[in-house]
Amino acid sequence: MFRAGFKRFWNHPAGPKTVHFWAPAMKWTLVLSGIGDYARSPEYLSIRQYAALCATGAIWTRWSLIVRPKNYFNATVNFFLAIVGAVQVSRILVYQRQQKRITAQSEQRTELARSLAA
């Protein structure tokens with residue numbers, strides 16, 4: 001029984017003898033790297049990089065479910081890549097919005113101090 005299941009997996013059109021298996025397997029490193037970047041400050045993250053990862057993850061997730069044979073392994077890794085990218089983009093945007101608010105408040109305080117000094 002185990003042997004038959006392994007043989008079916010080994011000879012599958014998206015099995016380990018094909019790029020359809022190894023490309024998604026290697027793509028998990030991008031997902032893990034993105035998860036590792038959760039510990040980094042959004043100040044040091046690239047919005048373009050994570051927007052690209054989010055977009056490609058979403059596009060290739062859909063593609064993996066349309067082609068024959070359906071590649072659920074590829075769809076899964078790309079789905080998680082899109083999620084990681086979206087979370088990082090949202091972190092970056094929140095950080096940028098906070099920085100603008102802090103800058104605006106600082107400018108208001110400076111103007112207030114100048115007007116009081118005059």
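First residue shown is number 1, and so on along the chain.
Backbone N, Cα and C atoms are what each Cβ position is placed from, and that goes for glycine too.
Residues 13, 50, 53, 71, 73-74, 76-78, 80-81, 84-85, 88 of the same chain, all 6+ positions outside the transmembrane segment (19-35), place their C-beta atoms under 8 angstroms from a C-beta of that stretch. According to Swiss-Prot, the transmembrane segment annotation covers 19-35 (among others).
For the transmembrane segment (50-66), the list of distant contacts is 30, 34, 72, 74-75, 78-86, 88-89, 92: same-chain residues at least six beyond its ends, Cβ to Cβ under 8 Å. What Swiss-Prot lists as transmembrane segment is 50-66 (among others), and the listing cites sequence analysis.
Annotation comment: Swiss-Prot describes 72-94 (among others) as transmembrane segment, evidence class sequence analysis.
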